[in-house]
Each structure stands twice: as structure tokens, then as C-alpha cells.
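**Student:** Sending over a structure as C-alpha cells; questions will come in a sec.
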């Protein structure tokens, strides 16, 4: 399990991708906060420190799931296509494979978010621990959704398409549902993380539990998958 975890982590950390993602998140966070200074009364009377957090959230809202699905849409089905999954199942249980891949992917994002939070905290002069924990829950939701998608769809070319589609659809539908009172869309906000960002950390338990359900579904489906 740990071998699979660290292998997945190393693959994601290789190349220029981590630097690019970290740079995009930091630049969006930083310049969103700087733009707040140019607006009278800031962004809704936000303080300079709060503006940095708002910038980080904006970066995750816009790019978070796009990065997650782009990098990890094939976290499982790439092994199926390459037939390496047969080797893995001889070395570890199927549950251990899913756990290792999910954990390795999550650790990659946890590290990137930590680095960005430290950079923003250094710039703002205060460490955003609670916000970092919220960011982790937000990413955990996306990671488990990507793992589930990779098991539901065996072809990586298709998961790339549906992953990018989901990355745009999730925030769009979520914000639409938060602004609408129509019954057919209003319920969507309760099953996406965006709605819970406006509340205390306690409420982020809801998207965390949904992420656990995604993970459980992925594990069960993989148990039945013919490899």
C-alpha cells in the first residue's frame, strides 16, 4: 500500500507540473488580494489578510478541480490500459491499491496547498490554519471523485474529457444552485463543497463525508472489476 502511495506521489511530483500549479495558485491569490486594495472599501470590506484567503479560495474555485481531474483522471484506468494492474493485484489487495493511489494523490495536493498557504501566510503575516484544513477537504472531495471516475470509465481518453467537463460543471452548477430558488437546481449546492465554504470548519464535514462515499464506491467497484 505505501509503495503504491509513494509511487503515485512521486509521479505527480515529477516534472514542471507542481511548480506550475503552485505558481498559478499563488499568483491568483496574491493579485486578487492586491486588487482588493484598489477597490473602495476592499472586497466587501475585507481586511488585507482576509483578501489573501479570498484570493486563495478564488484560485481553488477556478483551477482546483481542473488541475485535479487533469492530473488524476486516469489514476486507476492507466494501470488497466497498461496491464500493470495485474502485477499490482499480486502484490497488494485491491483495497490497498485504491487506498494507496488515493492517499498518494491527496498527499501531493496537501503538500502543494501547504506550500501555497505558507507563502500567502508569510505575505499576509499570519498563518491560515483553519483555511488550510478547509482547502484539504475541498481537494479531498475532488481527489476521491477523480478516483471514482477513473474506475467507472476504463478508457483514460474518456476520463480526461469527462474530468474536464466535471471540473467546469461542478463550480458552475454549485454557484447557480446557490443563487437559485428553483427546486430542480437548488439541491445541488448541498452536495458540492463550494456552499460550505461560507460556514465554519465544522460544516466542511459534509463534503468530507461525501468524499468518503466516493472513496467507498470506488473501492467497491474496483473489487468487482475484472482485471
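Glycine too: its Cβ is placed from the backbone N, Cα and C atoms.
What you are looking at is a predicted structure, and each value in this text was computed from that prediction instead of being measured.
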**Student:** Match it up for me: which of 59-76, 77-94 does TrEMBL list as transmembrane segment?
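**Tutor:** In TrEMBL, residues 59-76 carry the label transmembrane segment.
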**Student:** Can you say which of 59-76, 97-120, 132-153, 194-215 has the most Cβ pairs under 8 Å with the transmembrane segment (160-179)?
**Tutor:** 59-76
**Student:** Could you tell me what the rest of the chain brings near the transmembrane segment (132-153), counting residues at least six beyond its ends with Cβ under 8 Å?
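**Tutor:** Those are 56, 60, 64-65, 68-69, 72-78, 98, 101-102, 105-106, 109-110, 113-114, 117, 159, 162-163, 166, 192-193, 197, 201, 204, 207-208, 210-212, 214-215, 217-218, 221-222, 225, in sequence order.
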